[in-house]
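Asker: First the structure, which I've put down as structure tokens, then a few questions once you've had a look.
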Amino acid sequence: QWGVVKMELMARTWGRRGLFTIYAGLYLISTLTSLEGNTIPTVEPYFLSLLGEHSMLSSVVIVMSIGYAVGKPPMTKILDVFGRAEGICLAATLYSLGYIITAAATNARVYLAARALSALGGQGIQLAQQIIVADTTTLANRGLITSTISLPWILTTWIGPPLGAFFQRQGPAGYRAAYAVFGTLLPLVACVLFFTLCFEWRKIKRRALAEGRKPTTRDLGFGAKELWRDLDVVGLVTLTAGSILFLLPFTLATKTPDSWAEPEIWVSIVAGFGILVFFGYYEAQYAASPLLPPRLLENRTILSGSLVGFFHFISQFCYESFFTSFLQVARGHSPAEASYISQSYLFAACVAAIVAGSLAKLTNRYKWFGILGVLIHMVGVWLMMRSRDLKSSTFELVMSQVVGGVGGGFTTIAVQIGCQGVVEHQDVAIATAIFLTITQVGGAVGGSIAGAVWSTALPSRLQRHLAADDWDKIQQIIASLPYALSFDPGSATRLAIERSYVDVQKILNWLALAMLGPALVAMSCMKNLNLAKEDPGQGEGVVVLGRASFLGASPPSLFLPPRAPVVRALSDLTRSFLRAAVEDDLTASETSSLLGDTSERD
């Protein structure tokens, strides 16, 4: 498809400076989004409490997971059909609009809708980053380079919570300012990557003009028929509508225990399921360029890897949806301290991902440390069950998060390498999207489970532990975090609230542990690739830590020595940015020929 062909052409012309600038843009975006990810969780419970809807924290998780899941297949089409730069531009616009509308929200419905919009943009940015890394790396190096995109999380884990606490201390104006700041900054930061890709493509078109060939509209995109075919408009509409109708009721049903009795909930679920069935039939029988190609859905490794991600996210979203609230109410931590403890999971996951990427490069295998990752994650969740009470130390809480994060970092890198390693370069984007989409659906399911447990178990536990005279306070305790915190520590009412929070956390952790069993089975079913020999998605030209070839030439062997694999790998990465890996520019005639070769686009 045209977006893929454009990236292949650019890979042969950008050289050292272009590759350096592209990765600088990727790291700038990652720095800002990681800072947002470590700042907003501190503010969000208070913003929802301002709207009188603290219990809708899980609804936010579900809505954003829906946005992340539903948006990936359409965004993949945009990235493949139009190009990487165009996809980044659209994603940054959606992200910015979502955050600015969130900042101005006056009720929970507007807040949820705006968060869904920002999630659509966020997933597009995430997907574009992963695909550009796949475009510019060999399979053996991909896990390591992918993990470095998350490096800013290691720093922002410590910067984000105090920044969030600063906004939280400013009251309602501060809550809104937090969202407005990130909504304004992201498009500015994304400009570096966007304009670099546009500039590299412009160089190619100029060479075609120098050859005396004027680019046609087919060089800039497609005609209406080609767009309709390659975007798979019918598939986009039916998948989006079906997914929203099917998943959205889970958000609405978490608000009160009686919501499942409402007929509108079941009508929406049935209608969504029916549309999704039609989508599957249409894609299999009629779609010229399927949104989700059946050959990929039938691939054992892609399907198994997607199931690993699905159950992994169910588990993670079960135990983390209300964790910061638990830390503040039951353990007496400040908002900043609660964020530090919670985000220690992500800190550990980022470090573990770098180690996992280095292991993949050293051993040219991924499956064994993927299985190890699921097992470590299970140990982490078991430790969480032991530590989430009123008596354990803060050290135990942090260590349970760290162990779980190590398992999560190993697992996600392994699964992504496996899913991308069994497809050609043309299909890398859609294979990545399938894996991430099913994974994010798992997040929606996990958030739904957490919300359902919260809305049903917490009221009953409060009624069990509170004195009868305080039963009239139950709904307000559930709806507002500041109200739950307003009771004096050590008072009978506060102790009852703390015990109730502990009971709910125990339930959520048991469910989280149960979800990792199927993840372990699915991980065992993935193909154990030799990453050095089985690299169908290699590209020609300048890539990070070596070069590759769309035309069939094998890349040079780049094995790390047994000693100091992480240090050596990071050293190689640094050197690749400081020198030209190859000078392999296209001639004007080659460029003109490729621009005119429409067969490459299909």
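Backbone N, Cα and C atoms are what each Cβ position is placed from, and that goes for glycine too.
Curation plays no part in TrEMBL annotations; they are all automatic predictions.
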Asker: Looking at the ranges 140-157, 302-319, 464-481, 518-535, which is given as transmembrane segment in TrEMBL?
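Answerer: Matching range for transmembrane segment: 302-319.
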Asker: Can you dig out which of the ranges 91-116, 429-454 TrEMBL describes as transmembrane segment?
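Answerer: That would be 429-454, per the transmembrane segment entry in TrEMBL.
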Asker: Three or more CB pairs closer than 8 Å, sequence separation of 6 or more: does that hold for the transmembrane segment (429-454) against the transmembrane segment (302-319)?
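Answerer: Checked: the transmembrane segment (429-454) vs the transmembrane segment (302-319), in contact.
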Asker: Averaged over the whole of the domain 'Major facilitator superfamily (MFS) profile' (22-530), what is the pLDDT?
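Answerer: On average, pLDDT over the domain 'Major facilitator superfamily (MFS) profile' (22-530) sits at 85.
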Asker: What stretch of 177-197, 265-282, 366-385 shows the most Cβ pairs under 8 Å to the transmembrane segment (302-319)?
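Answerer: Highest pair count goes to 366-385.
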Asker: Short question: most Cβ pairs under 8 Å with the transmembrane segment (177-197), which of 20-40, 46-70, 340-360?
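Answerer: Stretch with the highest Cβ contact count: 20-40.
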